[in-house]
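TrEMBL has this to say about the protein:
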DOMAIN    B:4-119  domain 'Response regulatory'
MOD_RES   B:D54  4-aspartylphosphate
Amino acid sequence: MSSTISLNEDQRDALQELMNISMGQAANSLAHLIETKIGISIPKISAVTPSELFSLINRSENAYYTRQSFLGDIQGEVMAVVSESGLTEVASLLEYEAPLSKSDVEETILELSNILAGACLAGLSNQLELATNLNMPTLFSPNKASFVELNWQHSLVMEVQFDIELSSFSMRVVFCLDRTSLIKLTDTIDELLG
Amino acid sequence: MAVPLLVADDSRLSRRSVIKALPPELEFSVTEAANGREAIELLENTSFKLLLLDLTMPEVDGVGVLEYLSGKSDRPDVIVISADFQPEKQRIVMELGAKKFIRKPLDNEELAMTLFELGYL
């Protein structure tokens with residue numbers, strides 16, 4: 001049996017809308033930086049077990065992975081899946097010169113993660129009046145064994161996708177929260193819903 | 001007389017906040033649509049004076065609704081209320097005939113000012 005936390009329909013709807021607003025702010029930050037239009041998906045909200053989270057993260061081929069922890073009124077981790085495809089074009093929009101060195105590629109990935117995940121988290125925190133602090137992202141390779149050991153035994157996954165027009169680039173951002181933070185988040189949403 | 005208004009947004013929270021933000025001096029007869037397809041079906045059968053339209057919606061998005069309306073002679077005033085406020089997106093919706101683009105989270109005063117500019121207040 002899957003031991004996940006369920007959200008009621010109003011909570012899910014509210015969280016989806018809060019994420020949508022946060023994503024808009026994130027996409028706008030990046031669009032201004034690279035002067036290119038960013039496509040954003042409708043956010044998907046789901047509660048998953050660690051092994052389901054692994055499958056969700058690992059379903060992309062030819063991708064880079066980053067993770068960033070955040071602390072504060074709610075704590076958790078933001079994971080980003082960054083496509084290899086189109087990364088060179090995006091790096092050139094960020095003014096890296098081709099051919100990209102290994103460190104150029106890493107810097108581009110970490111910068112994109114920081115801008116998009118950071119703006120998403122900031123948007124969500126601001127709207128809910130929660131204080132959060134995001135640490136720097138690091139690259140990682142998903143590994144099933146390590147996912148089973150994660151703190152997020154009751155993960156709430158908020159998954160959003162950004163696509164950059166004129167390139168095959170895409171990026172998914174997944175937020176994971178621990179149980180205490182999830183309760184804090186749903187309580188705050190309930191207050192907002194009045 | 002009440003202004004026939006359609007609010008199209010896939011989020012109930014957002015529709016609720018839009019409806020709550022309507023200026024109390026005006027009377028509205030409000031209909032809600034939860035996606036662009038529902039909005040188009042309602043627009044086909046009912047004459048609305050005003051449409052408050054989200055962009056990022058399932059089935060048919062807000063741009064699809066504006067495209068549907070672009071060929072119509074009897075079309076409502078459209079105010080787009082969206083979180084996706086990139087300059088390119090704003091340009092597209094204004095070219096498709098939207099009267100105004102308002103960013104989410106919605107600022108009640110900005111909505112009232114827009115309704116004033118459009119002659120509703």
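Glycine too: its Cβ is placed from the backbone N, Cα and C atoms.
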With H, G and I counted as helix, E and B as strand and the rest as coil, say where DSSP puts B:D54 (4-aspartylphosphate).
coil
Counting by DSSP secondary structure, give me helix, strand and coil numbers for the domain 'Response regulatory' (B:4-119).
48 helix, 25 strand, 43 coil
Mean per-residue pLDDT computed across the domain 'Response regulatory' (B:4-119):
95
Write out the long-range same-chain contacts of B:D54 (4-aspartylphosphate), meaning residues 6 or more apart in sequence whose Cβ is under 8 Å from its Cβ.
B:A8, B:D9, B:D10, B:S11, B:S14, B:G62, B:V80, B:I81, B:S82
